[in-house]
Amino acid sequence: MKFSEKWLREWIDPQVSSKILHEQISNSGIEVEHVENFKSEFHGVVVGKIVQCTFHNESNNLKVLKVDIGKKKLLNIICGASNCRNGIKVAVATVGATLPKNITINKKILKGAWSEGMLCSFFELGLFLNDNKIIEFPKETLVGINVYDYFLLEDNIIKVSITSNRPDGLSILGLSRNIAAINDLRISPLKNRLVPAVIQKKINIDIQADKECMNFFGRIIENININVDTPFWMKKKLFFSNVLSENIITNIIHYVLIELGQPLNILDADNINDSIIVRMARHEEDLFLKNNIKISLNENILVFSDSNKILSLPGNINSNIVDVDKNTKNIFLSSYLINRKYISYIIKKMNMNTVLEYHYYGVDPFLQNYAIEYATDLILKICGGVPGPINEKKCNFQIHKNNTIRLHHERLNKIIGFFIDTSVISKILYRLDYQLKFQKTFWDVISPSWRFDILIEEDVIGDILRIYEYNNVHLIPLKEFLNCSKKNELTDSLLKKSAVILINQGYHEVINYGFIDPKIQNLIFPNEENLLLSNPISQDMSCMRLSLWPGLLKNISYNKNRQQKSIRIFESGLCFSIDKRENLGIRQEIFLAAAISGNYIKENWYYNIRKMDFYDLKGDLESILESICQLNEIEFRRKKIHGLHPEQSASIYFRNYLIGSIGAIDPRLEKALNVSSTTFLFEISLNNFSDIKPLKVEEISKFPTVRRDIAILISEEIAAYNVIEQCKIFFINEKVEINLFDIYAYKESHNHKKSLGISFIFQNKKRTFQDNEINLMIDDCIGVLQKKFQAVLRK
């Protein structure tokens, strides 16, 4: 929000410098982002009076003027402005005057006549960009005075930034309250703006969606002149606030919004049938805005309609039928209070302006009626018209009654760290407009209606500190009450080791936010409960991640859209899930994840280009696991996993504990996530790698190895891994290297069988194995496989 310092000082004028005033605004919790010292770039412009106006002999578009600027000689000026006429007082740039953009006024001949100056519009003075008519001053303005001094243009333009919980500071009134409290001043009571009804015409209000809309105020004003010019005093303030419009009604609404912080809406009353109905939209209803922009609605959108059509949506989103224009004569002025829980939804759904969101979030229910009266008063004074009575409808109004909060003196002193006298605290609370009752050791307080952010005792303490000023808080050493957890050196070591291995394999490390889009997470993990944030940065970052995969897939899509043909990325970090057995009901684990997509190698003349596959990623993962533990402690079990291809996915186990998963992206998610079918991912939890024993170093045997190969037929549904594991169990007391070197799947003629080729390499540390010993062990192993898997030895 931007505003002029002079506008603020009209409401509250502490005897402090501008610099200190700006600091006080920031100290009140409303950040001052920027202060611009405004000085208009024109000089030599004075007020003049047109005493003679005739048409130019050679042009019907030009007029020859005689202008009095308070000197003996009248100036001869040629002008083509449409509103140029005899008797009005205007801004005259005399010969030698300078205007913005380094324009200097000189005496010159136009169509054969001398012009000794120029009549100026606001645009030519660098003020209002859309105002090209020459300036007309009130009749009582003195001729010859300096226009620069008359306009009092020198001012400080202050830009403030607020957080979503402090919309009370998003108005001149709200800022004045804060500054008054800091300086122990009182702002003047709001002026009486009561406008009595002249006509009894009104529009009925029917609130059907009473959970979403708390109340609705509205009145009709008839016979207004919407084409009048906006008064200069209002133009200047709105210009400095960067919201000046050509429409006087829009300007008045903006003026009330900035001054009081109360959003109002205006509709063309002639296009409203009978009544206004506040309801939820129906299925497949549409709203058409100006320029035929169409908004498709659903049953979750609050609308304001009449019996035939939708009129508007919250946030001043008006239908093209009822939006005011230059032909509007009768208007309906309204204010409504929306449930704050609903506002966040509609803001994100309709992509409303953030500032307007904060205004609607911070509507003061006790100021709505006054805001309508104030706007009505301004409209009648500037545009004329006759007002009807204010029609008001209230529902669930008790929702906005602030609760009583108990503030304990001992608690306040403990949090602040030193003693503040009760009289000082009471005085500060009164300055902040709290209602309070002191009871020896505590206060029962009720915050003002515009401070809905005050919910608990700590909020009140924070408010007191703002006024007491943080600079007055005594500096004392910090007391630590920390429950520090021991650093997991093993996990840190595993992360560093894994990163080195992956980087050497051509991977790039990425870092993503721990906050992700719940829609994306639900696509990948539809059966998992999301851990939602109560005050997210944005809707796309509103839940904690369950996995590193959503971030990696977003990175894959980003790089794919930038024509990257070979992508290898990895990430490590914390993931969060709901677990009532854990402290605070949340479990957090450190995960390592990687993703690959595209070509295995870059394009070259020597190697054939192929796509990366499941086994490329599995091999890289095994390189990591081999550096952590024995590979025979790792098991890959085929399993259907949400988010992964049902035929290319596996769970990963370490000593029979599930530690992660690996596979190709589910084809059903490719389009939604904008990734290709050649995208593969793995993810493992590093929390499960505990009690890892150091690798044993053994002396290499001096005796030769002996190899035996067998081929067996088993059912194709039996995993080769299970067969190999059974062989390892059989030879657990011998030094035997067992390897699967061949798989061949038969067709239906062999009853869905597959052949496994298995090699056994024997070695003894003390002697050479004899053939009969090895043959006997192989026969016994085959017997176990026959019994366990109905395996048949191929001859």
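Positions of Cβ are set from backbone N, Cα and C atoms, glycine also.
Note that the coordinates shown come from a computational prediction; the quantities given were computed from them, not determined experimentally.
According to Swiss-Prot, the Mg(2+) binding site annotation covers D453, D459, D463, on the basis of similarity to another entry. Per Swiss-Prot, the feature domain 'tRNA-binding' maps to 39-148. The domain 'B5' annotation in Swiss-Prot covers 400-475. Residues or ranges marked as domain 'FDX-ACB' by Swiss-Prot: 701-794.
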Model confidence over the domain 'FDX-ACB' (701-794), averaged pLDDT: 88
Per-residue Cβ crowding (10 Å cut-off), top of binding-site residues D453, D459, D463: D463
Neighbours of D453, D459, D463 excl. site residues, C-beta within 8 Å of centre, Mg(2+): N165, S447, R451, I454, L455, V460, G462
The domain 'B5' (400-475): DSSP-derived helix, strand, coil residue counts: 34 helix, 15 strand, 27 coil
For the domain 'tRNA-binding' (39-148), the number of residues DSSP places in helix, strand and coil: 2 helix, 55 strand, 53 coil
